[in-house]
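Student: Got these off Swiss-Prot a minute ago, pasting:
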TRANSMEM  11-31  transmembrane segment
TRANSMEM  41-61  transmembrane segment
TRANSMEM  97-117  transmembrane segment
TRANSMEM  172-192  transmembrane segment
TRANSMEM  207-227  transmembrane segment
TRANSMEM  300-320  transmembrane segment
TRANSMEM  353-373  transmembrane segment
TRANSMEM  394-414  transmembrane segment
TRANSMEM  424-444  transmembrane segment
TRANSMEM  450-470  transmembrane segment
TRANSMEM  499-519  transmembrane segment
TRANSMEM  525-545  transmembrane segment
Amino acid sequence: MNVKNEHMNKFANGVLFLMLGQTLSKGVNFLLNTLLVRYLSPRIFGITSFLEFLLSTVLFFSRESIRISTLRIKSTTDSGKLEKVEDGEDTRTLQSLINFGYIPFVIGLPLSIILISWQYSNLNSYFIDLPYFKASIFLIWLSILIELVSEPFYLVHQYLLNHFIRSKYESLGVTFACVANFIIVVWFEKMVNGVGLELHDDYKQEGIAIFAFAVGKLVHAMTLLACYSYNYYSEVYTTGERYSYKLTKIRPETRQESYYFQNDTVQHFKKVYFQLCFKHLLTEGDKLIINSLCTVEEQGIYSLLSNYGSLITRLLFAPIEEALRLFLARLLSVSSKKNLWLSMKVLIDLTKFYLYLSLFIIIFGPINSSYLLKFVIGSKWSSTSFLETIRTYCFYIPFLSLNGIFEAFFQSVASGDQIFKHSYVMMLFSGIFLFNCWLFIEYFDLSLEGLIVSNILNMALRIAYCGNFIHKFYHYLLKESSTETTQSILPNISTFKNVALIAAIIGALDWYFIGYVENMRELLINVILALLLLILVIYKEKSLISELLAAKTYAA
């Protein structure tokens, strides 16, 4: 099989498996949350989103830098005699991955205790006094530790590009967690809590809802650990122990000293860790801001906004970003002009796809989203500003998605010094973001709309920085290529400009004659307009689509 097509096939399969896993798990999550939202108030969504932020922050700071650093781990197959396994990787490389998998737990244990204790002491007494709240906090902490225990298994499957196994286990974990959450809330409402103003206890309802959320997180973590453990021990039973789950010293066949961790990977981990800390604070900084500048009800509204507004981001863009990061890290680990051209082609095609999709989101999202979602949310949310704010959030999604692939590229190829420099830039962006939040939320009193505008400006700065890095990266490595060759691979901006102009005209006419959609007839008109625009895009990019389909068919 052609090397180029083999890489493309792995990338395409990775995107497919991750996307299917995300679609299944998030689809179940979306369905059950849609049913739950009628039982829960904005205040409950606010506190659960805060707990979700705590959990994701501890997990991110504990494991994300290790996940990225181990993609660059050096295989010992490059020198000396090899002790091969079926997948083409030697046992020493896999054992090194297992060893690195223990670092997240070592970081996460003290970090979780410190962060949760600190935030618990600052919580409103109303939430602390809720029934089962202390038990919920303990379950959240326990779920963090259990999920970190499964990290060594995850690193092995990530390195071997076993997307199917990872997506399958993650889908099971999310599905079981959502079902457990849903069963507890609905069972309590139907069987325990009374009906009517005299019998129904909103205070207990809020307590049990938070407890159900915590149980769901625990079920998710336990499912992941059980699945990965079963996979490991079943392989041990059928093929013998290829590597040990225990922390094991690695003894190379050369005269080098034995080690637990590869030194180059450790050094890269140290440099990337602080850069990722700033990235996470910028990415999740909106949650920190709303915790300090917004009411609990507004926090709940923003949580629901993130769930519904970024659904396409989590279903489509997140799998592409992850697969791209893994694909580039493995592809560019070997210095080759052919690999450089392939990576550039993939990045350009993805960028064009994102830009076209952004046109549809910007034109049809704001005017249709409120009408579609009003059937989903219950009466508790109809009186809030949710339906108005979702229109503004639609403009944020394209920036969020485009930044995702640009930063995925940066993380895959940047050197330690470039990552260190990026950390200082992220510090500057953090300051600008905080100032914009104060300006739009406090000074102009724009509330959640101000937060969304601040996020858009933040993402624009990050896109500009990574875009400049990508340009310099390829310009430096491909500077010996002829101008004609370089120009031939650049995106056809004129085609996109023509489509964007027609899309803008369609959007203007749609807004002038219809405006915000209020009935099924207007919704149907918008669907027809979107289909016409889609046909135009396919026609204009028919050569690119044919090329991609031909490459996929050949690789298969």
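Positions of Cβ are set from backbone N, Cα and C atoms, glycine also.
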Student: In terms of Cβ proximity under 8 Å, which residues at least six beyond the ends of the transmembrane segment (525-545) contact it?
Tutor: 349, 352, 356, 359-360, 363-364, 367-368, 495, 498-499, 502-503, 506, 510, 514, 517
Student: What residues in the same chain, six or more past the boundaries of the transmembrane segment (207-227), come closer than 8 Å to it by Cβ-Cβ distance?
Tutor: 39-40, 44, 47-48, 51-52, 55, 127, 130-133, 135-137, 139-140, 142-144, 146-147, 149-150, 168-170, 172-174, 176-178, 180-182, 184-185, 188, 193
Student: Based on Cβ pairs under 8 Å, which of the stretches 97-117, 353-373, 450-470, 499-519 lies most in contact with the transmembrane segment (41-61)?
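Tutor: Against the transmembrane segment (41-61), the leading stretch is 97-117.
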